[in-house]
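One structure is given here, and the rest of the page talks about it.
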Amino acid sequence: MSFFGLDCVKPRERELERKLRANDRDFNLSFRYATNAIKTSKYNLFSFLPLNLFEQFQRIANAYFLVLLVLQVIPQISSLSWFTTVVPLILVLSVTAAKDATDDINRHRSDNRVNNRKVQVLIDRKLCSDKWMNVQVGDIIRLENNQFVTADLLLLSSSEPLNLVYVETAELDGETNLKVRQALPVTGELGEDMEKLADFNGEVRCEPPNNRLDRFTGTLVFGGQKYSLDNEKILLRGCTLRNTEWCFGLVLFAGPETKLMQNCGKSTFKRTSIDRLMNVLVLCIFGFLAVMCVVLAIGNYIWETKEGSGFTAFLPRDDGISAGFSTFLTFWSYIIILNTVVPISLYVSVEIIRLGNSFYIDWDRKMYHAHSDTPAEARTTTLNEELGQIKYVFSDKTGTLTQNIMVFNKCSINGKSYGYVGDDTEHRPEHLKHRNAVDFSFNPLADPRFVFHDRSLVEAVKLENPEVHTFFRLLALCHTVMAEEKTEGELFYQAQSPDEGALVTAARNFGFVFRSRTPDSICIVEMGKQLSYELLAILDFNNVRKRMSVIVRGPEGKLSLYCKGADTIIYEKLHPSCRKLMDITTEHLNEFAGEGLRTLALAYKDLGEEDFREWKQRHHEASTSLDDREGKLDQLYEEIETDLLLLGATAIEDKLQDGVPQTIEQLAKADIKVWVLTGDKQETAENIGYSCNLLREEMNEVFVVSGNSGDEVQQELRNALSSMKPEAAENSVFLSDATSGKGAKAEDEAVNGDYGLVINGHSLAYALESSMELDFLRTACLCKAVICCRVTPLQKAQVVELVKTYKRAVTLAIGDGANDVSMIKAAHIGVGISGQEGMQAVLSSDYSFAQFRFLQRLLLVHGRWSYLRMCKFLRYFFYKNFTFTFVHFWFGFFCGFSAQTVYDEWFITLYNLMYTALPVLGMGLFDQDVNSSWSFQYPQLYVPGQRNLYFSKKAFFKCALHSCYSSLVLFFIPYAALQDTVRDDGKDVADYQSFALLTQTCLMFAVSIQLGLEMSYWTAVNTFFVLGSLAMYFAVTFTLYSNGMFYILPAAFPFIGTARNSLSQPNVWLTVLLTSILCVLPVVTYRFLLTQLCPTINEKVMYKVRQAKATPPPPSQRARIRRTSSRRSGYAFSHAQGYGDLVTSGRYLRRPPMPRPSGFVNMGRATTGFSPMGRSAGYSPTGRSQNTKAPDVEVTSLQMFRTIPDPAL
């Protein structure tokens, strides 16, 4: 049971293996598996008050004020009324409790929304609609198209041929590309027959709950047979069923035991570095408070011993009160009086300022994404100032830096370059700015979303240019895309990688429409004629080959091999006759790669019947071999993929999110290091790194660490370190041994030049071992950019933890999928990208918005302002309270150490709550050194926050010294001014009440002027707060010191008439003026000299702002960077090995397409066109003028294909 939120049931033993039986709840309940209900809330109705108060009093300050309250109710030691502490304490506890309750109510609502979703469960041999939270392990449930997967399921059967299902995993990894899952044939026979499903009693033994999204091991025992289970047969909670009418699944893991929830990790309470520093300072202040009280108590003992006996005639001591006991009471009395060094209102004000700065983020229209209707959201109010101190940003790639939308932008065919890059017309040449997009109306099957701006390519297609036709025929045949045509002319492409989707869609628009496929044929429409090609073999892609080929027999019976892949690989396979064409194509490829495009080379060859028949026989033998099957197949592929004829190359843009390169450039100028942690392949990550300016051609070197053993990885890391810092090579060998323990810190080091580091997940596993992690960290931190590819969610979190542990730096992690959740929770600040992707990362984040580009505004504007405001607030708050309190200390030497207060009791109560609360809040909420435009113009303004220059132990010590000086002035100047002084009418004014009023009036003016000096940005609100607080002070003072208040409660308002008697004297106002000048003069002098001799970056920029008369800076003119690069991307980076086998085996096929006519009609473009799946949608390439053909390029001999209609279709 759960009582007060605490689990009172004996915890279940750690699970080593899961065992369950289908349709047998009694059997499964014996293992006490979790139900499908989730709980992310902390409190319930009964546990809220005790638990919340328990948590709040764990804060040192709250416990301290509770002790003070207890002391104040003891008459013998209290010289202040109890309400001076209880009112602010209740206010703080109430505000914090209300905030915690609101957050927890939202968590309850979120939990209830999920838990109360409906799903069909097989109970008592019939389907019943039930809530998600009632689903249990071993239940069989039915899912329908577009439904979320309820729990982690073993797929049993589906509506699709061969029991396939298509799932979207956006909630898990942020990708909307469809994934394929397939049930076991033995369970697929169950279909949707309720009787068969109800009789199914298979037993599953599998791994215990874990967070591995990409791996599953288990077995199913059914009908006396044992079947192996892997990840391809599992549907994970958080996925969405797509393009599948229905499916049935067996619940393996439910609720908190699902892989999705296991990846959420444990939420930890995050504190800012200022919070941690404050805890240390508060402890130091408590120690200093105790020292002051001891000094005053000793003074009381000496005074009581030497002077006290002379006062007993008119101030008799209570019985039993000796000098020693009086000292003891005095100590505790001064503890109460001097507690204002750390007033409770400090914590109230901090929470209000954080809340206000959070609202600024929520309300910022410049961080609102109109397309997805997504505003920025501060999901926590406690970390705002930490945003101004970020040193390391850890970012996911897919869906965070990129949109994962591939756009066919350019191509090179037989030595001619076609197309123009850039959707923004401002970057186009003048003669192309107003050129319309290509008209594809000649093709009724064209995708209406496809855009291309080079008409010459369409003209070449219409003129039946043989090279152009073969180029697009290759794109239409050489792929593993699946096509679905639910209605006539409405094609849906299911591409397992968006690269392939973009290429097939480009071929479709230029008249070569991929229509359908079977395991042994591909049907395409070539310029209006429907043709069928016999598919004889697919030479599949893998990371070593970096290419894919198909062997087809054309309608004429001609055998051809079509190949596409990385240009460096294809060039090795070309016929010598292609030398000149290869040189021209290489120039185009360099141009494409320089623009950050992903390139592929295309080639083909004709095959002889005899040669192919002999090769096919050997291929069959190799594919059925049990020994070294992969090696034998690769050797056969190498044999046939020779003497290819080059066709050209394609250039695809993996579209970055808007503003990503500019954002990364701005962050780099702010000395923020960006590390990309991605699950994609190395080639993909590198290419995106160059596209978004993370990696640059100007870098001295980009190190690639890809060792397959610990020794190799360590050697590669040390080689990289020695290249950057030769003198550090010897020290590096002993770095990990010398610096051991979590308390060790790796200091920042400088290096000459710019370097980058790329490391894959396999090597990273070795690099993160305890014996090597500091070598890796040191090498990585010397680089300007780091890319970790093929990393698991756990490795992402480990990298973040490594930097957090050994670097004195604040980290931020940003991602969009469930695989980023552990990284987001591990970092000091977690940011979730919301929008089209899954919301799992957002739900675990501290801040969220729709686009990566908003990160620069979050950090350089909101983060910097929040940090600046909080630091100014703390410096000033400590100054005004130390000054207020130290005056009590000096007064103790003149009142016989009797714990008499120097101020009126009402002034003590209202000083922090009313008189000085609003001005300091105004500074904490509205102050800024420069506006947002100048913040972007000078990103270096961010650096002081990273170095803790605005608030540190040193700054606190300076503040304490300043307060000590001011308190001396505020006590001794009024003391001297009133000593032996008379009024205009000759009456004495040197009484205690007049002195108290004068001292507190001087204090109010001194701290108000000091606030004005601290303020950089005056608004009407700030001005009203400062002047209004002074007016409030005088209004309240005259009211409290009036005759009427005294007559109502004489004991509570003893200062009758003091205000009107004292404040009417000119010498009092001269004293106020003198103390104000003496308090402010050293500050003004110090700041003047500091500004003249050693100005900070803030002061330099503020000076420029004043020079520019506060006009916004001109927009920076960033020229489009064009790189000439020798590096080019490999083939289809998000492509996966094995899809060729799946296609040819027929296990990937959907229902047979409906009969349809072929042939093109000269009419407008069909409006029922392409609606591609996932992120292969939305291809919107642009064009540019065609390059002239080089005169010395040899024309490649091509096999001409005549458009012969297939009578069988």
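Note that Cβ sites are derived from N, Cα and C of the backbone, with glycine treated the same way.
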Annotated transmembrane segment segment (source TrEMBL; candidates 323-348, 843-868): 323-348
Matching range for TrEMBL feature annotation, transmembrane segment, among 781-804, 877-900: 877-900
Contact call for the transmembrane segment (280-303) against the transmembrane segment (877-900), three or more Cβ pairs under 8 Å: yes
Non-local residues, at least 6 beyond the ends, that sit with Cβ under 8 Å of the transmembrane segment (906-926): 80-81, 83-84, 87-88, 340, 343, 345, 349, 352-353, 356-357, 869-870, 872-873, 876-877, 880-881, 884, 996, 1000, 1004, 1007-1008, 1011, 1014-1015, 1017, 1019, 1021-1022, 1025-1026, 1028-1029, 1032-1033, 1036-1037, 1040, 1053
Sparsest Cβ surroundings (other CB atoms within 10 Å) among the binding-site residues D396, D816, D820: D396
T398 (Mg(2+) binding site), number of other Cβ atoms within 10 Å: 28
For the domain 'P-type ATPase N-terminal' (21-86), residues assigned helix / strand / coil by DSSP: 31 helix, 1 strand, 34 coil
Segment confidence, the domain 'P-type ATPase N-terminal' (21-86), expressed as mean pLDDT: 83
